[in-house]
Amino acid sequence: MSKLTASNLGFLSSTAKCQCKIAPRERKNCGHPGISAADCRKAGCCFNASVPGVPWCFTAKPKKVKKVCPADSRIRVNCGYPGITAKECTSRKCCFRAHPAGVPWCFYHRTVEEGNISQETLPVCPHGCPAAPKQDKLSSPSQWGFRVPRA
């Protein structure tokens, strides 16, 4: 049996330690026999050489994610059309916030890792996300599908 060290008990930095907490008998092999801890981690896998007779390089549990409505209005991806109601927007399973002016009010959720609300990733678009126009190319508010308050 090999000596336990920080390197052979290490985890890939992008893989959370909790994702590698898997019962030894449930591990799914992720590397060839004799793979080093470093090569295992480079492959995105977990490495733990403390239990003989089971894979030491193994697949991590999937990350837990959830849908959230982004707080930053600048990253909203339009999910509606000009004048859409909150009811119609939510029936599309989208977020609705009637503020601020100049951004979509009906917009897609974003997926985030549980316990890490600030790390926002790609929007959840059930039918594919439209390409957002560049800010400097916007010619009218209707391109984004938001309402402009009347004076």
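Backbone N, Cα and C define each Cβ position, glycine as well.
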If you consult TrEMBL, the disulfide counterpart of Cys69 among Cys30, Cys40, Cys95, Cys106 turns out to be Cys95
If you look at what TrEMBL says, which of Cys45, Cys46, Cys79 makes a disulfide link with Cys30? Cys45
What residue among Cys20, Cys57 is stated in TrEMBL to be the disulfide partner of Cys40? Cys57
Going by TrEMBL, the cysteine from Cys79, Cys106 that pairs with Cys89 in a disulfide is Cys106
Inter-residue Cα distance where the pair is Cys57 (disulfide bond) and Cys30 (disulfide bond), in Å: 5
Distance check, please: Cα of Cys79 (disulfide bond) against Cα of Cys106 (disulfide bond), rounded to an integer number of angstrom. 5
Counting across all protein chains present, how many other Cβ atoms fall within 10 Å of the Cβ of Cys30 (disulfide bond)? 18
Have a look around Cys79 (disulfide bond) and count the other CB atoms within 10 A of its CB, chains all included. 26
Secondary structure content of the domain 'P-type' (16-61), with strand meaning DSSP E or B: 13 helix, 5 strand, 28 coil
Checking the contact step here: among the disulfide-bonded residues Cys57, Cys69, Cys89, Cys94, which have a Cα within 10 Å of the Cα of Cys45 (disulfide bond)? Cys57
